[in-house]
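Some features that Swiss-Prot has for this protein:
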- 65: active site, charge relay system (ACT_SITE)
- 122: active site, charge relay system (ACT_SITE)
- 215: active site, charge relay system (ACT_SITE)
- 31-175: disulfide bond (DISULFID)
- 50-66: disulfide bond (DISULFID)
- 154-221: disulfide bond (DISULFID)
- 186-200: disulfide bond (DISULFID)
- 211-236: disulfide bond (DISULFID)
- 25-260: domain 'Peptidase S1' (DOMAIN)
- 69: N-linked glycosylation site (CARBOHYD)
- 105: N-linked glycosylation site (CARBOHYD)
- 1-17: signal peptide (SIGNAL)
């Protein structure tokens, strides 16, 4: 069955688009080839659902809301610059096990929760069935060792929608530069809870940010991985409505412990 699914994905030239999930890139630009070698495409069967980050040859980090009931169909593509085209640099791996953060509220996945929602702890580790081969196009990135600095210019990347209201995903991996803002900016913008395990990132004037399909992808601030795309405004990149990211410095112990206990 897995061979059949992989064959179908390859015969289609890569990957199908899935219905919108939660987050995407607006106002960005095509990333330079292989400039984000840790960026991963996370799939369910042959449907693209989220981004992810390679932390180790055996481990990918993504968002917990990318979780699906049938985890046996989770798989990833690494080393891709073009989502829907075959590339010599690309590597395919199945996911052997998923580890959503134990404190993430999984009932949020039903999308029938009264406001305000608390989307804290939105991260998930994926154990690969076979280690990734490290190449120029596939490289892990380290976890942060200190707090990010307010005002930093950060880089988000993803294959999420490039239009704010209509779900239109690009072939080329997109990058966007956005600012790390005080969490108060996001707390004022949303009815959902903004907690100390989240980062508020975007442009106060709007027009740039993440959107549907970018969920689980990396946020790099001053060259360091500091966040995972989590949630934001609808339509995306509205003025005074920055994006919200999982703050990884708060979760390094859980990430390292989970990886160590599941070699």
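Yeah, the Cβs are placed from backbone N, Cα and C, and that goes for glycine too.
Recorded features from Swiss-Prot, shown on the structure.
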| residue | record | contacts (Cβ under 8 Å, 6+ apart) |
| --- | --- | --- |
| 154 | disulfide bond | 148, 177, 178, 179, 180, 201, 219, 220, 221, 222, 226, 227 |
| 175 | disulfide bond | 25, 28, 29, 30, 31, 35, 36, 155, 156, 157 |
| 186 | disulfide bond | 194, 198, 200, 241, 242, 244 |
Discussion item. Test of understanding: give the count of other CB atoms lying within 10 angstroms of the CB of residue 122 (active site, charge relay system).
Written reply: 28
Response to the item:
On average, residues of the domain 'Peptidase S1' (25-260) score a pLDDT of 92
Discussion item. What does the structure give for the C-alpha distance between residue 211 (disulfide bond) and residue 50 (disulfide bond)? Integer Å is fine.
Written reply: 11
Worksheet, complete the sentence: Neighbour count check, CB within 10 A, over disulfide-bonded residues 31, 66, 236; minimum at 31
Response to the item:
Of the recorded positions listed (105, 215), the greatest number of other CB atoms within 10 A surrounds the CB of 215
Worksheet entry | Cα-Cα distance linking residue 65 (active site, charge relay system) and residue 105 (N-linked glycosylation site), given in Å to the nearest integer | 9
Worksheet item: Whose Cβ, among the disulfide-bonded residues 50, 200, 211, 221, has more other Cβ atoms within 10 Å than any of the rest?
Response: 211
Practice prompt. List, in sequence order, those recorded positions among 50, 65, 66, 236 whose Cα sits within 10 Å of the Cα of residue 122 (active site, charge relay system).
Written response: 65, 66
